[in-house]
Amino acid sequence: MTKRRVVVGMSGGVDSSVTAWLLKEQGYDVVGLFMKNWEDDDDGEYCSTRQDWIDVVSVADLIGIDVEAVNFAAEYKDRVFAEFLREYSAGRTPNPDVLCNAEIKFKAFLDHAMSLGAQTIATGHYARVRERDGRFELLKAFDHTKDQSYFLHRLNQAQLSKTMFPLGEIPKTRVREIAAQIGLPNAKKKDSTGICFIGERPFRDFLNRYLPTKPGPMKTPDGKTVGEHIGLAFYTFGQRKGIGLGGSKDGSGEPWFVAVKDIASNTLYVVQGHDHPWLRSRELVAGNVSWVAGEPPADGARCGAKTRYRQADAPCAFGRAAQAGDERFSLVFDEPQWAVTPGQSAVLYDGDVCLGGGIIESAATGRAGTAPAGRAPALVEAR
């Protein structure tokens, strides 16, 4: 009897390594595939591609599977990184990991896996897939503290039908235990953090390579200039660290936060206090939608939504655009949400089931009547 072939995306980390081992133990014909999505440059201090590949080969040798490497750097640059730069240039804050999953890990990788004779692919993501009534559902992981369905919401039914997430039913602590018990050489390797192509390098230094600095005034809601920013692209809504203000001499002494990026006047507006009304939104509008469930919720439906990773689901009402052909949607939250950021994803849930979502275009904050006279209306963050 021919074994069912599964190609596992292996990164050199513990999660994908345990995924490959679990599937091998379950009797699958497992092939490991290492994706190189970023060309190494002069950042040897930060790029770990070489060591990651060594770890993949070591793990594959231990568990007894074949492994190969494939270079998707060109596809990544065209489909993910170019969009990443466009969004930052426009003053928004994108999430490239969401786009990477949809365009690279579950498109380019899936296509390559099928060419290797695979019936299914698998990754080390913490999520679950369930088939029900001829459709495939994306569910949160059993371990909600590690759930990664937020990053997977742009997958479609075809991609989901060919995908396995073996770690979706397992707590992260158990994954580490398995890695140690079977003697994986990377059992104690730290989880990767940050944007995949940036790694551990300083984000601002990296971004400055591709986007020019364009200094401008940093102002308070009443129009007082309190400093100078280096370029709006280098700040994000709700940012606290790296603003360069500290406590204001004549202010409240509370921390400063980025509140508005005014593209027209190249002005960065900052406010003091985590609970400032300029940082909270009851409504948002999202576009560039994708429904992993196959279709959007009904107009007026109640659901939960995340506007950032690891955020608790926020109860809200879903609204479809009134104009025919407009696929955008609105969300009205029961309670104001903090730092709802254009460029990030608004992802909808019905309990554990991920419905899909879209890219946040705008969010209404408590700024009505408080804007300084003459301020341009082209506000990007929480406009």
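Just so you know, glycine gets a Cβ as well, placed from its N, Cα and C.
What you see is a predicted model, and the numbers here were worked out from it, not measured in a lab.
Site annotation (Swiss-Prot): ATP is bound by GLY9, MET10, SER11, GLY12, GLY13, VAL14, ASP15, SER16, GLY124, and the candidate from MET35, MET164 recorded at this site is MET35. When secondary structure is read from DSSP and collapsed to three states, GLN344 (site 'Interaction with tRNA') falls in the strand class. Secondary structure at GLY13 (ATP binding site), taken from DSSP and collapsed to helix, strand or coil, is coil.
Separation of the C-alpha atoms of GLN344 (site 'Interaction with tRNA') and CYS100 (active site, nucleophile): 14 Å, rounded to the nearest whole number. Under DSSP, CYS100 (active site, nucleophile) is assigned to a helix (H, G or I) in the three-state scheme.
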